[in-house]
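As structure tokens, the structure follows; a few thoughts come after it.
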Amino acid sequence: MAGSEELGLREDTLRVLAAFLRRGEAAGSPVPTPPRSPAQEEPTDFLSRLRRCLPCSLGRGAAPSESPRPCSLPIRPCYGLEPGPATPDFYALVAQRLEQLVQEQLKSPPSPELQGPPSTEKEAILRRLVALLEEEAEVINQKLASDPALRSKLVRLSSDSFARLVELFCSRDDSSRPSRACPGPPPPSPEPLARLALAMELSRRVAGLGGTLAGLSVEHVHSFTPWIQAHGGWEGILAVSPVDLNLPLD
């Protein structure tokens, strides 16, 4: 994937994620927000908050590289060849589709793998964190406020531990989920799309916790970039996995 094309897709993904976070707040389920000093106040704009989670070259004020001046200009019609930029309504529609997928996934309990005894103390802590993240934002806030040690473990996770946290959070017991006919053709690969939706849900649940956790969650969402690109970008994904208008989410 060309560098400029990848950066453009990552920017689109950030906008989808910002719209997804905005849906959660509008629905009355704000992300966890531990107390901060005035010097630690986060920007209220979701997109700005997400960019602060990324390395400078990918998020905070990265200056676009200057293109060399062309020697000639192509002769082509000025209409009908390339789509215009996506609108806020488009990102909101993608976020709505992802929200529907999240609701479908969360109807199923966590994987039976979580029922057995943990093999290590580290695994036990990660399972405890997953159980915490299954709660509503208000409950997460209350438990983290009463257990600073647990919050410290959560915001200081290593990348390897976070990868395991993602694996546990996204593992669902498919046997308990009723089958439901979806309108239109099925998505090109339902499992990656469902995992991507859950990755955004995890980002929503940890977005206000600070530390390295928010950045790791956003980078995990960006790890789906090759898959998104292979299926025609967000436009292609929405075209083959449309919003189910029979689910009144708004």
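Positions of Cβ are set from backbone N, Cα and C atoms, glycine also.
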Out of Ser37, Ser67, which one does Swiss-Prot list as phosphoserine? Ser37
To which residue among Ser48, Ser146, Ser161, Ser223 does Swiss-Prot attach the annotation phosphoserine? Ser161
Could you check Swiss-Prot and say which of Ser57, Ser72, Ser159, Ser171 is marked as phosphoserine? Ser159
Mean of the pLDDT scores, which run from 0 to 100, over the motif 'BH2' (227-238): 92
For the modified residues Ser111, Ser158, the one whose C-beta sees the most other C-beta atoms within 10 angstroms: Ser111
Based on DSSP, name the secondary structure state of Ser159 (phosphoserine): helix, strand or coil. helix
